[in-house]
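Features reported for this protein in TrEMBL:
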- B:12-36: transmembrane segment (TRANSMEM)
- B:144-168: transmembrane segment (TRANSMEM)
- B:189-214: transmembrane segment (TRANSMEM)
- B:342-364: transmembrane segment (TRANSMEM)
- B:385-404: transmembrane segment (TRANSMEM)
- B:416-435: transmembrane segment (TRANSMEM)
- B:447-466: transmembrane segment (TRANSMEM)
- B:478-499: transmembrane segment (TRANSMEM)
Amino acid sequence: MKSKTSLPVSYRLAVTSRVLAAVVGGYLMASLASICLALWLPTSRADAVITGMMSSFVFYLLAVLWCFACRSAARAWFGVLLPSAAFATLAGVGLWMTRV
Amino acid sequence: MKEGFRQAMAWLHTWAGLIFGWLLFAIFLTGTLSYFKDEISHWMQPEVQARPLDDARSLTVAQTYLQQVAPTAARWFITLPDSRDPGLSVMWQDKVDPGKRGNFIQKTLDPVTGQAVQARESMGGEFFYRFHFQLQMPHPWGRWLSTIAAMVMFIALITGIITHKKIFKDFFTFRPRKGQRSWLDGHNAVGVLVLPFHLMITYSSLVIFMSMVMPAPILASYGNDTRAFFSEVFPNTNNAPASGQPGTLLPLVPMYEQARAQWAGGHVGRVAVNNPGDMNASVNVLRAGSDSVVHDFGSTVSFNGSTGELLRVSGGQSLPAAIGGSFYGLHMGHFAGPVLRWLYFICGLAGTAMIGTGLVIWLGKRQLKHLKSNVMPFELRLVEVLNIASMSGLMIAIAAFFWANRLLPVTFAERSGWEVQTFFIAWGLSLLHAILRRGRQGWVEQLSVGALLFIAIPLLNALTTSHHLGVSLATGDWAMAGFDLTSLASGIFLGWAAWKMQHRTVPAPKVERTRGLTLKQEAN
């Protein structure tokens, strides 16, 4: 992983893909996780929102670590988008329940 | 990236740290200075006289002043003087059509005479405080950028801990005068020693701006009515609207006394009056942040301004709000007395040093390969220039800011703005200098200039004001004396650093190279 000038393009693209997965995918996952906490925590509405916002950065951190620890860029995206989808489903159910 | 987990984390630590290192260095150093914001302002506005504290008198004086100057304002804010900040600050917001925010106008009053203080125009310590999270950018971009930098810092800290497996063993190993190895030991030592501080300061900076950078949960729970969230969390923002009928505001002092009685003698930090000239005027008495570690934005006693009726006493905080408040309170350190404040300052410097040594290590490791050829690739040269300008250049810029404060004439138009300009001009010039000069010379020259500028500050102060060390030490003006002495100490430190840099040319490149090899083996 040293910065040699002879790094192949594929490697550079893979790193770029991981960075995007970490920054964009990670933010998406952190947002969805915090929405889930805000909707599902059994405290008052404002407290649940505060807890969700406060802990979102830990989710973001975990997503970023995953994106650079896993074996390939594809896994990075998979590992970020799968929990995002799960959180989105949970959040969707939560929203639907508050609206009904 | 086929290496193990730890290597992957080391890679992330290295690159995240490099790209945001320069910005983080500036944020950490100016943020550290902000712990002495009031003391710096005192040095930069020596005309503001410290008066014996008397809240009732200050409040009456402020009310009389605002009644004359801004009777029709939408809002008044009165910040009472305390032992660190002797000025009585009044601020008001123009009344404009609803839905639009009026301009804020701020004046510092003498708490005895009630006149606006005739002091040289200067932002004082407020400049460093504002810069460390707004970065002199238009709202809200600076806040976004600094919060992004905080997130990167958080990632760099955690990956640093993961990379650094023998965290306690290594802490007790410091190998001085071993070139690159010493830098790494130093980086680890300052990192580990104040690790709780680093984690606290970084995570709290994220929490402070969380509703800006992570608005998703608010939107999900409250829909488009985000104001509802803020008025639930901060009930004191939920005030009666103006009725449109003129009213008379009662004296504020009795309300102040009632509020203190509610808090069992707790201190008042600020008094806010909404629609002071209206029948529906409301008065919010806010508790001083220095009263507790856990900051409570909502700690307020509210009154009806024209009847004096007590409307609301805010209750205790819920657990999540208290956790958020603790992050805020710990970050700001308003509660800290002199000893704790110095500890904050030292921890902040350690954080700054951790970032700085990290940047030096990044370059040092890679420079070793090019020692023989004597030619540096463009990217290494770029990092070197940015290292010099962001570290020693920033020191020069800070010193230049203080020099400008003493040398610009008091009557100079836009004086305060020019102090800030001087800061950035000096910083820009040091960047230019770093581009023109070769690495080591660049360092030595800039560190020397910084050393001279800082060492001369007590002298400059003695020549331009009547508050030199002899006077300030004799009268017990510790903020003034502390500033001069800290400048002197900073200057001596920079001089020592310049001297070390100058004399580091001695070891032969050959020794340096073998060391590089062993280092590489250790790193792998």
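Just so you know, glycine gets a Cβ as well, placed from its N, Cα and C.
Automatic, uncurated: that is what TrEMBL annotation is.
Keep in mind that what you see is a predicted model, and the values were worked out from it rather than measured.
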> Against which stretches of its own chain does the transmembrane segment (B:416-435) lie, if we need a Cβ under 8 Å and a gap of at least six residues from its ends?
Replying inline: 121-123, 127, 136, 384-386, 388-389, 392-394, 396-401, 403-405, 408, 442, 445-446
> Going along the chain, which residues at least six beyond the ends of the transmembrane segment (B:447-466) come within the CB cut-off of under 8 Å?
Replying inline: 43, 46, 392, 395-396, 399-400, 402-403, 406-407, 484-485, 487-488, 490-495, 497-498, 501
>> Using a Cβ cut-off under 8 Å, which residues of the same chain at least 6 positions beyond either end of the transmembrane segment (B:385-404) come close to it?
In response: 21-22, 25-26, 29, 33, 43-44, 127-128, 356, 359-360, 363, 418-420, 422-427, 430-431, 433-435, 439, 442-443, 446-447, 449-450, 453-454, 457, 460, 487, 490, 494
> Going along the chain, which residues at least six beyond the ends of the transmembrane segment (B:12-36) come within the CB cut-off of under 8 Å?
Replying inline: 125, 128-129, 131-133, 135, 145-146, 149, 152-153, 155-156, 159-160, 163, 201, 333, 336, 341, 344-345, 348-349, 351-352, 355-356, 358-359, 362, 383, 386-387, 390-391, 394, 398, 482-483
> the transmembrane segment (B:189-214): which same-chain residues, six or more beyond its ends, come within Cβ distance under 8 Å?
Replying inline: 31, 133, 140, 143-144, 146-147, 150-151, 153-154, 157, 160-161, 164, 167-168, 170-171, 174, 229-230, 324, 327-328, 330-331, 347-348, 350-351, 353-354, 357
